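Relevant sequence annotations retrieved from Swiss-Prot are reproduced here:
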type	residues	note
BINDING	Ser39, Pro40, Ala41, Gly42, Tyr43, Gly44, Lys45, Thr46	ATP binding site
DOMAIN	829-894	domain 'HTH luxR-type'
DNA_BIND	853-872	DNA-binding region
Amino acid sequence: MLIPSKLSRPVRLDHTVVRERLLAKLSGANNFRLALITSPAGYGKTTLISQWAAGKNDIGWYSLDEGDNQQERFASYLIAAVQQATNGHCAICDTMAQKRQYASLTSLFAQLFIELAEWHSPLYLVIDDYHLITNPVIHESMRFFIRHQPENLTLVVLSRNLPQLGIANLRVRDQLLEIGSQQLAFTHQEAKQFFDCRLSSPIEAAESSRICDDVSGWATALQLIALSARQNTHSAHKSARRLAGINASHLSDYLVDEVLDNVDLATRHFLLKSAILRSMNDALITRVTGEENGQMRLEEIERQGLFLQRMDDTGEWFCYHPLFGNFLRQRCQWELAAELPEIHRAAAESWMAQGFPSEAIHHALAAGDALMLRDILLNHAWSLFNHSELSLLEESLKALPWDSLLENPQLVLLQAWLMQSQHRYGEVNTLLARAEHEIKDIREGTMHAEFNALRAQVAINDGSPDEAERLAKLALEELPPGWFYSRIVATSVLGEVLHCKGELTRSLALMQQTEQMARQHDVWHYALWSLIQQSEILFAQGFLQTAWETQEKAFQLINEQHLEQLPMHEFLVRIRAQLLWAWARLDEAEASARSGIEVLSSYQPQQQLQCLAMLIQCSLARGDLDNARSQLNRLENLLGNGKYHSDWISNANKVRVIYWQMTSDKAAAANWLRHTAKPEFANNHFLQGQWRNIARAQILLGEFESAEIVLEELNENARSLRLMSDLNRNLLLLNQLYWQAGRKSDAQRVLLDALKLANRTGFISHFVIEGEAMAQQLRQLIQLNTLPELEQHRAQRILREINQHHRHKFAHFDENFVERLLNHPEVPELIRTSPLTQREWQVLGLIYSGYSNEQIAGELEVAATTIKTHIRNLYQKLGVAHRQAAVQHAQKLLKMMGYGV
């Protein structure tokens, strides 16, 4: 819940001097990316901008405090301010900020700018007190914001110092409007106006000018002088002389003498007590100070000129001038030290009553009241956890004594989930073990079951499926039906374990159950996770179309619940890329992989390993070895500079081994084969992939017998576990083994099996990457004209893809080839005496490559009738009557030239 006063522009007071000269300068603010107002405290920055903002509608205001260094809090308020300015235009971004469903501030801002692209009128965003931001991540994100914000948006920043926002670059590019302390300082005329509206007896212009000069036009000093003069303690000039040369850091003594010592004791205590509140309203004041009518008291303090300002148009929320507020808080620690804990407790209770638990925690921590802090956490901690208030929770839990955690195991569980969310798996188990050792009877009942559900999640994340299964089963046996969150966790873990074991049907059922429970209870990240797992399982079973449809459901869930910035989104777009690649939709596959990298842009580069491998796979399918090599250099650098799960390493190794196969790099393959992991089993699609990598390397090295043993065992496992996609891949690799070993009939047998199975999987690119060896076999099968219709159609499609991406020059009879052919001593006399034109040679090459007449016309960009003429001419010159004879003739020519076909 956001505090309204932080999003309210200060009310323009009646007795303030209108800064016409500065307002004139600000009138052109819409021509700049950034308007920067900087000065020490008390120069009137906020007052000036509130005057400028008066009457503007498309403006959002965000007043910072120290707590806004939390990235999530900063994001929530900033987006809320934009929503305020645009009347709710950025709904997607607002939901993402509220639910903390974004990877980073920069990715959230990128989404914001997408939505603002449809907002065409001028827009202003004011951020007050930016000097309070010390978080470098926020600074970097705001630099990104300024670089990419729409042209019609102006950011207005108020700060006591020069913020780290790339100011120099903006200044050089004339995109910065600056107002500093020298310009903010009051002129003689403004000082005269100020005193005239503050003092009952006007002072001479010369007098006010001298006072203005004495304090260098410092607005706070002028206000203090007016206050002293009204209280008749000193003449205005005496006060001015005393303040001359004093800056904001040396005001304490003056404020004690001239303000606190000149109010009655009740007002003094009111000021000191209320100052602990960063913002205040009637209810807070009544509870903290004991005053019966808080609103009336606040308005009275405001009338006395005691540096209190309204924060919103309703007049409900107030705050002290930062300079005066800091002074009062310091004095409160001196004068009311004994009462201070009780004052903070009262503030915490009042904030809780108004529904602001995070503000209440701030005061409970300040009070050092562990019991109050415990009670707040017991009631609100999980809500804060689900809203990613992780740093606040961590600070709060550290402030509680261990005994308090033991008395409330829910808080131990919360601390453990906090650790798990930060990938501190070892610490989770240590904490839970310690708690179980020290809490009586914890090893039985619901809490123990919740511990086990969390332990199961940690175990599966840490690569221990057997332990995860044991713990998940224990949790599900002990958890009551109403403990939905832990039941969702345990069910999901059990489904993932079965996935790892290759028990795909049972795993799919559990993941569907997880999805149903997660949707019912709005646990959206587990709903998304279950859909991703379902898609992977269906892919492994060979049901790629159903996997596609499941992915569509996942994308719909992401859009509906605004989960775009979750790291899991990368997982989804990556498996979508894998599916598109299998179907030879390479451009779309590459785009998906790149969008996955974009989702992870704010994470460590190592997290992008799998998407990078997918990009390399696309390059390999296109036969673009130069690009693949460039990307492989980066992939191998990442592999050498990170620790990865075995599945990730297997995927990375796949593209490396395929590249070595395509470039005949036997040395690299042999070196890799000596050092790579050889899994004990091959009972899931992850392990099958690694063993396939090994078999491919063995085939490249001519170790056919070893590779055949591996592939036959893989096929046996794949058939028994119904890993149909893996079986399809294995058959293709076995085909290459038989082809290279000269076992042509075996090669044809398994290729026919692979083509038949591809009717179910839809595989195209898995055939294509095998290159010319695959093309030669498919040409022969097509020439035999014995394939069933579906397999015939697929074979022709695969052949077209190979010809498009893996063209060898002899398939196209280029000029150099034809010249060497005509000079060959064994060339048929008919060709020598009646040579084909260059275009006819091209057509012959395409016929040999399996192209139809229409496809040849498309390839050469000529009319189909023209192609028919070329074919008729080349048939006549070659002395053949039909297409198959032309293919056989081309094959003879290629063999004569030394090509193994």
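Cβ coordinates come from backbone N, Cα and C, glycine included.
Tell me about the surroundings of these features in the structure.
In the three-state DSSP scheme, Lys45 (ATP binding site) is classed as helix.
Taken as a whole, the domain 'HTH luxR-type' (829-894) shows an average pLDDT of 86 in this prediction.
Within the chain, the DNA-binding region (853-872) has long-range Cβ neighbours (under 8 A, six or more residues past its boundaries) at 800, 839-840, 842-843, 846-847.
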Using Cβ-Cβ distances, find the residues under 8 Å from Thr46 (ATP binding site) that belong to the same chain and are at least 6 apart in sequence, listing them in sequence order.
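Once residues fewer than 6 apart are set aside, Thr46 (ATP binding site) is near Pro10, Asp128, Leu158, Gln309.
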Using a 10 Å radius around its CB, how many other CB atoms surround Ser39 (ATP binding site)?
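Within a 10 Å radius of the Cβ of Ser39 (ATP binding site) lie 23 other Cβ atoms.
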Mind tallying the domain 'HTH luxR-type' (829-894) by DSSP state, helix then strand then coil?
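Its residues fall into 51 helix, 0 strand, 15 coil.
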Starting from the Cβ centroid of Ser39, Pro40, Ala41, Gly42, Tyr43, Gly44, Lys45, Thr46, the recorded ATP site, name every other residue in that chain with its Cβ within 8 Å, sequence order please.
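Those within range, site residues removed, are Arg160, Ser181, Leu184, Ala219, Thr220.
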Using other CB atoms within 10 angstroms as the count, which residue among the binding-site residues Pro40, Gly42, Gly44 scores least?
Pro40
